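Marked as domain 'DPCK' by Swiss-Prot on the basis of sequence analysis: 3-201. Residues or ranges marked as ATP binding site by Swiss-Prot: Gly11, Ser12, Gly13, Lys14, Thr15, Thr16.
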Amino acid sequence: MFSVGLTGGIGSGKTTVADLFGKLGATIVDTDLIAHRITAPQGLAMPLIAREFGAEFVAADGSLDRAKMRALVFSDESARKRLEAITHPLIREETEREARTAQGAYVVFVVPLLVESGTWKTRVDRVLVVDCDVETQIARVTARNGFTRAQVEAIVARQASRDARLAAADDVIANDNASVAELAAEVAALHQRYLECAAAARN
């Protein structure tokens, strides 16, 4: 099935754009949502995380203590790799399972770290980047998540640069000051193009 990899930095508006594609009938497979699901109470990753990192990283409800884990992986590169060794295979497995059952004309994979991963670029037919400048990212995330500026800057620094994302893009949606209506119009135009690509891929 024809597939699009949708990516962008934190706070760029990936979820808003993905929701617009979903309303038009595309199948959305969001790796962030899958990551949250496997680290929720009774999530597939939780027994492995508890065994690897200890019970102190499990919240009272049985989910991942995200704040504690975030602090650890930002200060300890080996801890980040140990966490990813647990979560990434499970995310891949769930991602492929959802893609196999897709009912839409094409699939949009929402992958925040698509450019960084190295493998996703060859997994999808087109890469769509939702782009905005770093100051816009910082303003959105501090307002949305309650993070400090320094916390957001640290997250941005660990992600691919804006230039690297744009270099990997087949399509770009600029989302610094776009209204939802403007985004919807851009998504609708891309949707028509992707429908044509999906039809050509089936023939």
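Heads up, residue numbers simply count up from 1 along the chain you see.
Yeah, the Cβs are placed from backbone N, Cα and C, and that goes for glycine too.
Listed in sequence order, the residues Gly8, Val17, Val130, Arg140, Asn175 complete the 8 Å Cβ shell around the ATP site centroid, once Gly11, Ser12, Gly13, Lys14, Thr15, Thr16 themselves are left out. Over all protein chains present, the Cβ of Thr15 (ATP binding site) has 16 other Cβ atoms lying within 10 Å. In this structure, Thr16 is the one among the binding-site residues Ser12, Thr16 with the smallest number of other Cβ atoms inside 10 Å of its Cβ. The Cβ of Lys14 (ATP binding site) has Leu6, Thr7, Gly8, Val110, Pro112, Val130 as same-chain neighbours under 8 Å, each 6 or more residues away in sequence.
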